């Protein structure tokens, strides 16, 4: 009898401790979102004053706004507002999201850029997911139609950059496809689901399959740019544009690949995409040169570590992708997720209220080879952080 009473007491004590830990973890997640919301509210006030979309800071530490004609990052700011609306249920964030995404609605007709997926899925896509506003759905469909004009079935990919002018022309490419382009497929998958038209998803799957075949090395790290012959689909070259070297692993590129193939699995349940995402995750998580806090250098092969800049944007994309992958995989990514999320929430990477020109996170990198956006806040780092926080808050830890 005494043994049974002791056992019951121990079980009750264990249950109490676990409940206490769970409650403390939930409070911590909630306070992190609240802290981010307060900072982002200040940034939103700045944006409203200028009726512009914040992108980053310039070399002098002043606000750099998204280009009005088109900016591949323009969808992230209203997308962040949508995630704050989802997390807080505060109507002011829906109002802000709708206001700022309206600034670029007419860009849905552009056929000169592959980043329509980023722009419209992160903004109007999240808006439709949360409100079911039919007007948002129509914008998504038009943007997807515009994106499809860049698909070449002979190559099996959506063309990333036009090469008629600028630095892209100087590289001598004919049909460049970058790993980032995996992120634009979600718009096609979602529009296919909304309309029942498989033309969109067929193109997305072909792009994913071609990328899986040609973009990855034996260790599952990714090249940045694969240039194709548009006439026969042959690979012309494998290079980088924003990484350290052609054979290096640009950190954000690895994150784009992880996220992209996780999304592909979500829509298709094709085990090949799940396997690819798991292999990329394995490369990222187990790379020996990554600092202990889980925030990578801007390139996994950057030569001057530990004095190379970190890329927080790569970490936020990775964290958000891992949280979703955790739902599908037999492998548990809990430890890696917790490490990255706790690091991002620390004072090392999260700005104090009122600082950092009101961006949430510090220490991201746009493109070191181009000398652009080095060790600065970036609106897409904040976007994927808020997405990760929203997912993290509701994540049921995958105990395996």
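Glycine too: its Cβ is placed from the backbone N, Cα and C atoms.
The active site, nucleophile annotation in TrEMBL covers 115. In this structure, residue 115 (active site, nucleophile) belongs to neither helix nor strand by DSSP; it is coil. Shown in sequence order, 72, 184 are the residues of the chain, 6+ apart in sequence, with a C-beta less than 8 angstroms from the C-beta of residue 115 (active site, nucleophile).
The active site, proton donor annotation in TrEMBL covers 180. Around residue 180 (active site, proton donor), the C-beta neighbours below 8 angstroms that are at least 6 residues distant in the chain are 160, 252, 253, 256.
Annotation source TrEMBL lists substrate binding site at 115, 180, 240, 252, 256, 367.
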Maximal Cα-Cα distance (Å) across residues annotated as binding substrate, namely 115, 180, 240, 252, 256, 367: 18
Neighbourhood of residue 367 (substrate binding site), C-beta criterion under 8 angstroms, separation at least six: 241, 242, 373
Which same-chain residues, if any, lie at least 6 apart from residue 240 (substrate binding site) yet have Cβ under 8 Å of it: 223, 224, 225, 246, 248, 250, 369
Cβ atoms near residue 256 (substrate binding site) (within 10 Å, other residues, all chains): 24
Neighbour tally for residue 252 (substrate binding site), based on other Cβ positions within 10 Å of its Cβ: 29
